[in-house]
Structures are given as C-alpha cells and as structure tokens.
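Per TrEMBL, the features are:
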- S69: active site, phosphoserine intermediate (ACT_SITE)
- D19, D285, H289, D326, H327, H406: Zn(2+) binding site (BINDING)
- D19, H130, T132, E280: Mg(2+) binding site (BINDING)
Amino acid sequence: MAVKPNTGRAKNVILFLGDGMGISTAVAGRIWQGQQKGVDGESNALSFEKLPFTALSKTYSHDTQVTDSAAGITAITTGVKTRNKVIGLTGEAKPESCASEASTRVTTIAEIAKAHGLSAGAVTNTRITHATPAGTYAHTAYRDWEGDADMPAGALSGGCKDIARQLVEAPAGVRLDVALGGGRSRFLPEAKGGKRADGRDLTAEWAKAKGAAYVSTADQLKAVDPGKTGPLLGLFAGEHLPYEVERAQSGQGVPTLAQMATKAVDVLSQNPKGYFLLVEGGKIDMGSHLNNARRTLTETAAFSDAIQAVLDKVDLKDTLVIVTADHSHGLVISGYAARNAPILGLAGNEGEPVVAGDGKAYTVLSFATGPGGVEGNNLRADPAKEDLDEVDYHQQAVAHLPSAAHAGEDVGVYADGPGAYLVRGVVEESYLFQVMNHAFGFEAGK
C-alpha cells in the first residue's frame, strides 16, 4: 500500500539509537522476542520494524572502514564524519590531542535545537558521559575523557574539559534539559564514592540551576512532575546501568529504558516550541562485545519496548522518529535451524544438531571476533556439551579478542513522521543529520 509522505515541519525529533544493532542483531532480536512471547519468532516484528520508511546507512568513519560509537554518533548528530575516538569535532581533530579541539568543533543537532528555543535531552542505559549520549552535547578529542581522573595532565593543563563537566557547565542556552542514564562516578568526588579527582560534586552544581532536579532512583524519577521541573539530571548507577536480565535483581532502583524515555518525553513536551531527544539502547553493543547473545537480544527487545512506549505517547503528525544504529557487530545467524528452533540453541533440524568439520556442533548464533574465540592452540569446545541457557554463556567466535570488534556493514534506518520520507535508499550516516535538520526547518538559517 502507498504511504503518503509527511512533508510538514517537525515540532519534535526523537532519535533512537541501538548501539551495535546491525541487521543480524535486529533479526535475531525479532526472533528472540517472538519466541519469548510464545508466537512465531521469524514472522514477528520489533516495534521499529513496522515504521514505513527505511534505508541503509553507510557507517564508515573519517579514518576507518569500521567506525566506533564516537565517530558514529558525531556523523549522525552533526553531519560530519570524524575520526574514531573523537566526539563533536571534525576529522581534522587528532585523537587525544587537547590542542586540536578548539579549531575543530562542530555544532550538534541538540545544540541547534536549543539555539532555536527548543528543548533537548538524552537518555541511555550506559553512562551519560559515554560516547553516544555525549554526542549530543560534548566536544572532545578523546571519548574516554569522561571524568577529570580519566584525563592526562597535559589535557587538563591545556584547558580541555572532561565530558561530565561539559554537560554540567554548558550555558543554559545550550545545556541539555534532560539527561538520564548511568555514570554517577564521573560526577562525584572520591569522598562521595565517585572518581573525580578535583573534589567537585557536579550533581550538586547541576541542582543549583533554577528549578533543576537531580534524581538517582526509579522512584525519584517517577515522582518528578514534568510541569514543574527545570533541567533534569538522573544518574541511576555509578557506571553503566545493569543489563535488563539483571536490572530487577540489582537492588539499585534502576528504571527501565522505557521509563526513562517516556519521562524525558513528558518533561521535554512542556516546551511549546518542541524538542530533540536521543534515546540510546547502549547495552546491545556491550552484550555483543562479550559474545553474550542472550544479553544482546534481551537488550534489543527492551530497546524495542522503549520505542513502542514512546510511539504510544507522541503524535507522528508533528514528531519525526528515526531508529538506527551507529555501527554493526559481527553476529552471524547460520546453520539451517528449523523454523522456531531456539535462536540461542544449536544449529540443526529435526532435533538433530549439525556438526562442523571437527565433528562438533555449533550454535545458531556466533560471532566473528571476541572472547568466545579459541586462544592459542586450544581446541574448540563442543556446544552440545555446554549449557546454552546459562545467562553468561559466550557464543563462539572465529578469532579470539578480549572484546569483540565492531562490524562494518550498513545498518538499518527506520522512520516515520515529518520528513521521514527522506529516509530511503543507501545513505551516508551523516545524511541522517540533514534529515533531522530539514525536518526541523533549521536549514539556511530558518
């Protein structure tokens, strides 16, 4: 059926980013979600797969065939491809060079929105200072400079700011109105259980702004009145938030990604001019770095749930929704498993696992690289003799690495709302900035 494009202006733009959510991850996540619901996994659809406009995004960075999250988010939020490890700077910046920051800054879509009187926010289940959320507000030559203790003396003496300071010290006209995630350690001094070496409590400094609020538990977040709060900072863990499979048992009072995203929408919607919001499912990537497909797929399903929760709240007549990934991962689906066979099980059909040339079974899901690879001259284990249902099970990988490498194939883009019709074909990752900028009507100084 034909879909009529919405050529109107977007009041709001929401960018959902599934970190490391390549096509194979989305497919496996789709099957996993369906099987958990007791329906046909293969014909199931994740929430964002129902959006009418789609494209493929080319994710290479300024200097590498395979991007990292810093360069990936910079391309999406600024329209400029940059070097791996760099956030909010052009490709002329030198990684880990404080001196190169000042002359290479580029403006993010969140900063542009703020300059036009809109609100802006970022939500993540990683540290709020991690590469992807930082891509909405930070400008740094090295993504790992999240707190002052993470920086070398030369960078500090050179006047460069850590990412947490950049979030809190940004002028009111640029600063995010909502920032929800983990990473509390980068905001607190050592005396308060944090990792800051300068003795500052950035959460207290944030709270000094007019009407500002700082929360650290799910109950506190729930209690926030969207109509009364000013700038909202929520830090729900010292580091990254727990994986979804562990969140309820963590005892930390950690909100779900859906709860954070919907609260952000409620707060940002108080601005009649509109808003920009980034929502990152960052733990998808982390599960894949571990070769732990169960965590990857559980996080993908939770990301889909968060998207649906937001779609249920917003009006697509004036809200552009874009869902994409910054890069892929080397997750492979292989082995001719029977229809609706457990996606986390063994490859094979009719209940009989197939075996490889070494006489051992293999799983439906595997990875190109990562800790699941065999070290040295050791022999590959037989998955048929392992507990594949164990939550910490690592799928096997071809090449051993302490942490799985990203993959370089194109990733999916899914969209609906004003300007979504521009999401089509095979596009540069940096093109997505142009789509958002055009939808807002910010082009040519409008």
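Each Cβ is built from the backbone N, Cα and C atoms, and glycine gets one as well.
Features recorded in TrEMBL, as mapped to the structure shown.
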residue : record                                  : DSSP class
D19     : Zn(2+) binding site                     : coil
S69     : active site, phosphoserine intermediate : helix
H130    : Mg(2+) binding site                     : coil
E280    : Mg(2+) binding site                     : strand
D285    : Zn(2+) binding site                     : helix
D326    : Zn(2+) binding site                     : coil
H406    : Zn(2+) binding site                     : strand
Nearest to E280 (Mg(2+) binding site) by Cα distance: which of the recorded positions D19, S69, H289, D326, H406 is it?
D19
Counting across all protein chains present, how many other Cβ atoms fall within 10 Å of the Cβ of D326 (Zn(2+) binding site)?
30
Taking the Cα atoms as reference points, how far is H327 (Zn(2+) binding site) from the residue listed as 'active site, phosphoserine intermediate' in Å?
7
Other than D19, H130, T132, E280, which residues of the same chain sit close to Mg(2+)? List them in sequence order, counting a residue when its Cβ is within 8 Å of the Cβ centroid of the site.
L17, S69, I73, T124, T126, A131, P133, G281, G282, D285, D326
Counting every protein chain present, what is the number of Cβ atoms, excluding its own, within 10 Å of the Cβ of H289 (Zn(2+) binding site)?
21
For T132 (Mg(2+) binding site), the number of other Cβ atoms found within 10 Å of its own Cβ:
29
Spatially, and counting Cα to Cα, which of the recorded positions is closest to H289 (Zn(2+) binding site)? Options: S69, H130, T132.
S69
So of all those recorded positions, S69, H130, T132, which one's Cα sits nearest to D326 (Zn(2+) binding site)?
S69
Among all protein chains shown, how many Cβ atoms are found within 10 Å of the Cβ of E280 (Mg(2+) binding site), not counting that one?
32
Please list, in sequence order, the residues in the chain of D19 (Zn(2+) binding site) that are at least six apart in sequence and whose C-beta is under 8 Å away from its C-beta.
S69, T126, T132, E280, G281, G282, K283, I284, D285, M286, A325, D326, H327
Give me the CA-CA distance between H406 (Zn(2+) binding site) and H130 (Mg(2+) binding site), in Å, as a whole number.
17
Using all protein chains in view, find how many other C-beta atoms are within 10 Å of the C-beta of the residue listed as 'active site, phosphoserine intermediate'.
28
